Amino acid sequence: MASCPKAIWSWRFQRVVFRSVQLLCFSILIFELMTQKEVSAWTYHYSDKPYSWNYSRAFCQKYYTDLVAIQNKNEIAYLNETIPYYNSYYWIGIRKIDNKWTWVGTKKTLTEEAENWADNEPNNKKNNQDCVEIYIKSPSAPGKWNDEPCGKRKRALCYRASCQDMSCSKQGECIETIGNYTCSCYPGFYGPECEYVRECGEFDLPQNVHMNCSHPLGNFSFKSQCSFHCAEGYALNGPRELECLASGIWTNSPPQCVAVQCPALKSPEQGSMSCFHSAKAFQHQSSCSFSCEEGFTLVGPEVVHCTALGVWTAPTPVCKAIACESLESPVHGSMDCSPSPRAFQYNTSCSFRCAEGFTLRGADTVRCADSGEWTAPAPVCQALQCQDLPTSNKARVNCSHPFGDFRYQSTCSFTCDEGSFLVGASVLQCLDTGNWDAPFPECQAVTCAPLPNPQNGEKTCVQPLGGSSYKSTCWFTCHEGFSLSGPERLDCTPSGHWTGSPPTCEASKCPELSAPEQGSLDCPDTHGEFIVGSICHFSCNEGLKLEGSNHVECTASGRWTAPPPSCKVDTVSAPAPGLRCPSLIAPNQGTMSCQHHLRNFGLNTTCHFGCKAGFTLMGESALQCRPSRQWTAVAPTCRAVKCSKLPVTEPIVMNCSNPWGNFSYGSTCSFHCPEGQLLNGSERTACQENGQWSTTMPTCQAGPLTIQEALTYIGGAAAGTTGLVTSSILLALLRRRRRQKDDGKSPLNPQSHLGTYGVFTNAAFDPSP
């Protein structure tokens, strides 16, 4: 927005003039509101108070017509000269609507030639300047426009229209001018107030013409309309309606009425006509009668009359020869008639024939007799019949019969059941000779390729439909010492393939063997195939006895001659001296249970370990004494279950007892707060066997301070301060005295070599230099 203009007069003189103008305008406004008198010219008005744009428009619409709508440069100059200066300027009737500057009173978009913006305007600062002000008496841009936010407060510049409801007699457009208005008359009107209507004048009516008129604005004046019609028997020659135009001229000349004329008639062929005319030939009220020659009949009325509409009461009749009923070509055939192929008159003869594949049923020629009847009924064309299909070919048939069952162009398709295939054509058609186009097909069973007997085996088959045909099943077996590799059964499928490849017979194998625990295995089959005839020998380590056969053989059935043996302690022979393991004891906080076979902790002794609640076993839960006189693992231990470390923050104080290690099962911790604070939570917690503390960590919170405690704290603080000063003085004196007696020795180390607070080393053995 442009800055306010500089003062031209002294500020005192400006203030006096401004207040006087304000008072005068306000007085005029009050007088107009009280009298509510009509004015006869376009006048301008403004508010004495500033308002927002919306409120300013409401003010103008309430007391006047609307915010001012500027029409030309002269109006701008007039406003700038007449309206007093106001530092915030005036709102006018332009606003941005749908992003276009629009005159709000007429809803018309501001055109480029009507723009009167100040330099660099509109600039739309902050994207919200949607309303327009006018710089009245601005030194830098008088009468120019500027866009401003609609919420700013400015004076409302209003206008009161000169045009009223009855201006220009409601027959013209009232055009506002400064202090007056002019009338632009609508077409058909004239005069200063458009009070006169243009006239077209009357006209003489021709003979036999009747007229009916309407005169909304005066006799034979603008918008008068006249319609015309004629007496019966006469037709209108010219326009049916006339209208008086805005130019004072009728739309056309008046019409005339002429006598109605019917079309001329002629005698029908093979007949005659006789007419009576009242005036001219074939005019209104003329009549004509008709008759036919012998052998013909009249089709139509015997007499016709010319009507007032200029048409005959009926079409002209004709004389028609006696004819037989119409014939049509038979379906799938043709017809040839003479002498007339369409009229079917007396003595007309028609012959018939059929298309290929069809035969004629009925007379091939008929004739129209003098009785009007044909000598025989019309024939029909029937499709040729083919032989019926046999029912013994085992095929499924699906047929279509366009002209009847198994007749010409009948088509049949053949399919076979699962496991069989069609031999012959899959589709047959009935030809125009009455024969099928191919022999009847048949279904034959699907066959699979013959299966060979497996080497070293046998094959057994069941074939219900013949050799190796669909639904055949074969079973396979192997000779002794051989096992079947592949399917035991094969079936012939509908596709002509077996359900799998033929199997083979391979040499039988026995299950794989392994050495017994604390023993060995010796087999001649180095590749571990364990085929029929393989022999394996077993043995045990020293001090053990073989239980079972010491050798086994693989038989033709694929089984060993005996189960694999095992190695056990020899209870008959005395064990080797000293064959025992070191003695074991139960772990601390744990248990031990042993099973001794020969002696305590002897060979094969097994010991099981466990821990008490709150402890976890670290190591193997079971140990066994081996022949090497060593246990299978190191003896396990029991370790206490750990709880999470408790976080201690000031000012809370914690004391813990840890019988099995810091923060372990059985650890208990107690809590207390300094004097003057309260414990929020449990004062004791314990580490449980599940590794969780029994309660959550408590906290300290400030408690109420009594007068006695306050005095105690103040007194203690004072005493502490005094003691600190006294101690400092004494310490300074003591250090000064000791420096005088220093013999070169180092002072005692106040920290124990054990790292324990409050325990000091002997000065005689202090290693410090």
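Including glycine, each Cβ sits where the backbone N, Cα and C put it.
According to Swiss-Prot:
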- 58-158: domain 'C-type lectin' (DOMAIN)
- Cys60-Cys158: disulfide bond (DISULFID)
- Cys163-Cys174: disulfide bond (DISULFID)
- Cys168-Cys183: disulfide bond (DISULFID)
- Cys262-Cys306: disulfide bond (DISULFID)
- Cys324-Cys368: disulfide bond (DISULFID)
- Cys386-Cys430: disulfide bond (DISULFID)
- Cys448-Cys492: disulfide bond (DISULFID)
- Cys510-Cys554: disulfide bond (DISULFID)
- Cys540-Cys567: disulfide bond (DISULFID)
- Cys581-Cys625: disulfide bond (DISULFID)
- Cys611-Cys638: disulfide bond (DISULFID)
- Cys643-Cys687: disulfide bond (DISULFID)
- 735-769: topological domain 'Cytoplasmic' (TOPO_DOM)
- 740-769: region 'Disordered' (REGION)
Notebook entry, point to check: Among the disulfide-bonded residues listed here, Cys60, Cys163, Cys174, Cys386, Cys687, which has the most company in the form of other Cβ atoms within 10 Å of its Cβ?
Noted result: Cys687
Next item on the list: Measure from the CA atom of Cys306 (disulfide bond) to the CA atom of Cys368 (disulfide bond) and give the result in Å, rounded to a whole number.
Entry: 39
Next item on the list: Indicate whether Cys163 (disulfide bond) is helix, strand or coil by DSSP.
Entry: coil
Next item on the list: Return the single residue from the disulfide-bonded residues list (Cys324, Cys368, Cys430, Cys554) that has the minimum number of other CB atoms within 10 Å.
Entry: Cys324
Next item on the list: Measure from the Cα of Cys638 (disulfide bond) to the Cα of every one of the disulfide-bonded residues Cys174, Cys448, Cys625, then give the nearest.
Entry: Cys625
Check: For the disulfide-bonded residues Cys158, Cys510, Cys540, Cys611, Cys638, which one has its C-beta crowded by the most other C-beta atoms within 10 angstroms?
Finding: Cys158
Checklist line | Cys643 (disulfide bond) in three-state DSSP notation | finding: coil
Next item on the list: Tell me the Cβ contacts of Cys262 (disulfide bond) under 8 Å, same chain only and six or more apart in sequence, or just say none.
Entry: Phe282, Gln283, His284, Ser286, Cys306, Thr307, Gly310, Val311, Trp312
Item checked: Neighbour tally for Cys581 (disulfide bond), based on other Cβ positions within 10 Å of its Cβ -> 22
Check: What Cα-Cα separation, expressed in whole Å, is found between Cys567 (disulfide bond) and Cys625 (disulfide bond)?
Finding: 15
Item checked: Nearest of the disulfide-bonded residues (Cys158, Cys168, Cys386) to Cys510 (disulfide bond), judged by Cα-Cα distance -> Cys386
